[in-house]
Amino acid sequence: MATPLPATPRSIHGEKTHPFPAIPLLRNPNHSTPTLRSFSLPIKRAVRSTPLLSISAKSDSLGSSAAVASEEDLASSLKGVEVFDLTGKAIPIVNLWRDRRAVVAFARHFGCVLCRKRADLLASKQEVMAAAGVALALIGPGTVDQAKAFSEQTKFKGEIYADPNHSSYDALKFAYGVSTTFTPSAGLKIIQLYMEGYRQDWELSFKQNTVSKGGWQQGGILVAGPGVNNILYIHKDKEAGDDPNIEDKRRRPDSASSAAAPPPPPPKKKDKPRGSSSYAQDLRKQLKPDAEILATVRRIYEESSSSSSANTSTHAPNNPDGANNGEAAKTLTLADLNLSSSCREVADLDSPSVLRAIERSILAVARSILSGRGFSFSVPSRSSSNQLFVPELDRIVLRSRSSSRPFAHLSTVRKATITARVLSLVHAVLLRGIHVTKRDLFYTDAKLFGDQSHSDAVLDDVSCMLGCTRSSLHVVASEKGVVVGRLVFSDDGDRIDCTRMGIGGKAIPPNIDRVSNLQSDALFVLLVEKDAAFMRLAEDRFYNRFPCIILTAKGQPDVATRLFLRKLKAELRLPVLALVDSDPYGLKILSVYMCGSKNMSYDSSNLTTPDIKWLGVRPSDLDKYRVPEQCRLAMTEQDVKAGRDLLEEDFVRRNAGWVRELETMLRARQKAEIQALSSFGFQYLTEVYLPLKLQQQDWL
């Protein structure tokens, strides 16, 4: 009897899954509650005395291994059938066992929860099979992209192939139909698997090719090879979840009467599963009354407010002890520092000042042409090599190095033309006294720009050339960020009460100059990476239980959200706590808010918010809160590289806590989203996790 793999496969969670699939549960008195049976497979090579091994399942099973045709007929039906590996390369299916023995599992579809359990059971036998020279493969009816998603979500480390045309399923005549999918035993088994922590991936389940055919497709298991015609065993599921009960009854002719193999050792006692509901309840019991937690938060607010007024320059976000020197001082600027490299920064300028700067730039170009030097712009270099992290300021700045952008050179003629066009458009916008979006700007000359990324990049160049912030150009991004909670402000004269904005929140105005008269009784700002977590917090009115302002940029932070957060911090003097995914990209997003982005390092003095506390979800939280294994995702090689690159950044190395957390992540090679906490309950984030974090002051 095989031992099931303790850890369950990972799956897409959060809003992409449902607690239970909509499958009718019918009672059938003739059958007991089915269970997913463990099984063993014939993995040792032996001389066969019969043309084909056909093994029946137990008689009380709803499904069984059907009588099969001859192995030659099966092999013949599979000739010409191709499947596709994860690179998209077509592979004749018989090649899977041509030169080796292989166990090939056929999934119902790549999102199927029952197939994920079967894949898990097979994976638990993979080491034994590999030691015996047996390959393990899984085929699913779907696209290569779906196969890749399945590979990323599960622990299945065997070979994975896609059969987008269902040709192998048709050739093997696997069962198909609604009646084989919605059965009482399948429904009960799915409930059992959900209780074990498995989840259906509904996005993969209901893509078009799956709905039209694969949704009602059944699978099976085939054991074959070496040799194209050497089909040793086949099991065809009669219904969803009809797992085989296979025993290796093949014997060499000279050992047919030998004694039966000794019984397998009794299964080891299972450890208490990680992320168990009982442990989650234990954490809930550790919570103190809200009044005591609020008293703790109020002390933090008072400390932050006093330190902000005393010294805004030394309270650095990467200061390990989070303390300042208590000496009153003005905010440090580049001009106060004696840096070895000269650096440039931009400032907020009024429209007349920007207009004069544009006109001076064009006059300089005209003089260059008249003097015979040609048409050329001097543009500050914004390359990575021209960036500098300044520990005293705790942000990235831009060195003063510039490069020439001549019109009379093939490599720069197009950029020089776009630069002149953008200067002309910005000049016209400022003369009219209006604001436009970056998308508006692009469509004024879409043929020249080609792609909005080209006009956006030159817009940043122009801002840096003129020495003004991008908002000073009156070109803004579309609304992206949202805010909700204990905040009232004026938006171009209109009074906005963010406690009355519903779960969607109030869109952060793209022109922050319109925002004024900030009023709040909040004790902190909660910065959230994603919209899903924001909606949970807003719907649960977390800001009323713990007075706070909640905002999100829905992923990568835009300029308006960064400016708005800085304004909240500067004017209201509130501590800022950040809630991001436990992955390298969550930490990158947090670093953009804190230290700035390399793309806009020229404006880091206006866009960065100092002293943001990393509240969660941190890599150490996965074990501390026993987040279930199926909610943890394996890091890809790209994830690992991003994590290692972060460890090389100066702003990370300055904080020992950040280094420890990143090393923990890379060592475990696991990541998790904020929504992983929903495995304990949809409101666990707001009812337990965040209150406990505040109570324990558990942040970096």
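Glycine too: its Cβ is placed from the backbone N, Cα and C atoms.
Heads up, TrEMBL stuff is auto-annotated, nobody curated it.
Annotated active site, nucleophile per TrEMBL: Tyr443, in sequence order. The active site, O-(5'-phospho-DNA)-tyrosine intermediate feature in TrEMBL is assigned to Tyr443. Residues or ranges marked as Mg(2+) binding site in TrEMBL: Glu529, Asp581. The compositional bias 'Basic and acidic residues' annotation in TrEMBL covers 239-254. The domain 'Topoisomerase 6 subunit A/Spo11 TOPRIM' feature in TrEMBL is assigned to 524-694. What TrEMBL lists as region 'Disordered' is 1-21, 239-285, 304-327.
All features noted in TrEMBL, drawn onto the structure.
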residue : record                   : Cβ neighbours (10 Å)
Tyr443  : active site, nucleophile : 12
Glu529  : Mg(2+) binding site      : 27
Asp581  : Mg(2+) binding site      : 22
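Between the CA atoms of Asp581 (Mg(2+) binding site) and the residue listed as 'active site, nucleophile' there is a gap of 35 Å, rounded to the nearest whole number. Between the CA atoms of Tyr443 (active site, nucleophile) and Glu529 (Mg(2+) binding site) there is a gap of 30 Å.
In the predicted structure, the domain 'Topoisomerase 6 subunit A/Spo11 TOPRIM' (524-694) carries a mean pLDDT of 92.
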